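Q: Quick one: the structure is below, and I'll ask about it shortly.
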Amino acid sequence: MSKDGKFRAYAVNATQLVEKAHEIHDTWSASSAALGRTMIGTLLLATAGLQGEAGMTVKIQGNGSVGYIVADGTAKGTVKGYMGNPHVNLPSNDKGKIDFAGAVGTKGILSVTKMAPGDKTPYTGEVNLVSGELGDDFTYYLAQSEQIPSAVGLSVFVNTDDSIEVAGGFMIQVMPGASDEEISKLEKTLKGMPLVSEMLRDGDTPEDILHKMFGDDLKILDKMPVRYECDCSKQRFARALESIATKDLKKLIDEDHHAETVCQFCGKKYEFSEDELQLIYDKKVADAEADKEIAEKQQKEDKDKPDQK
């Protein structure tokens, strides 16, 4: 936070978590950069805008080579992600950088869904992609969907062997009371700064990056570790199996005699035996019968009620 309270700023070194995503999904350079930027943007939005056990899902569906990208973030500094095509390498653009317009696309949608425990209808906001560079797209989302003037910078530097050398980002939000002159001054400072990846390669910390933006007019309010973390479980996949149609579940039991599920975020596999599937099926049928009985009872009670005149 700037000392005068007119700007709120966040910065993160996400190198380790983006490298972990690369290792899990075997991403190639353009895919690594696209997934990495999406996860960093999600992490910044989640830690800034969520509290407690709330979570956030960011989905990007562009017309580029990587297809869709999904990232989940929490207020606690955890993030995970996956994508449609992890094996995308593209020639550099005319600036010698990864071609995000080709990888992510310039046409498509960025959506953000926020979920808190107990919420029956989570909030979702979405905007059209404006450049596919993702930093611009997150900035546009904040301005259009949440009415928060912001600047988002996202950067991933990929080595020739596709490993991640550095990855990080920043987000600055303009608070009420900031003058046009103060905003213009900050914009000029940001334009003169190197990429986040260049600063990280030079050994700068997130705190160093923020000091380069605000100088001595900076007050550090909080620090937290960040990590790639998947919270999948067999119980969660069992609930997913409960949600499929009864006839399809019965077919799975009678024909395949087992099921193997794979977590898209971490690649972990969960096996369900025929007996386990049968238990899920029996519960699903019993629940359906119970719901039917309740509905019939309610119908009868409504029918027996005297007409109100």
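Even glycines carry a Cβ here, placed using N, Cα and C.
For Cys230-Cys232, Cys263-Cys266, the entry in TrEMBL reads disulfide bond.
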Q: Given Cys232 (disulfide bond) and Cys263 (disulfide bond), what distance in Å do their CA atoms have, once rounded to a whole number?
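A: Here the two Cα atoms lie 7 Å apart.
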Q: Cα of Cys230 (disulfide bond) to Cα of Cys263 (disulfide bond): how many Å, rounded?
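A: Checking the Cα atoms of Cys230 (disulfide bond) and Cys263 (disulfide bond) gives a distance of 9 Å.
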Q: Are there any residues at least 6 positions away along the chain from Cys266 (disulfide bond) with a Cβ closer than 8 Å to its Cβ? List them or say none.
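A: Counting only residues 6 or more apart in sequence, the Cβ neighbours of Cys266 (disulfide bond) under 8 Å are Ile24, Lys80, Cys230, Cys232.
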Q: Are there residues of the same chain, six or more positions away from Cys263 (disulfide bond), whose CB falls under 8 angstroms from its CB, and which are they?
A: Cys230, Cys232, Phe237, Lys269, Tyr270
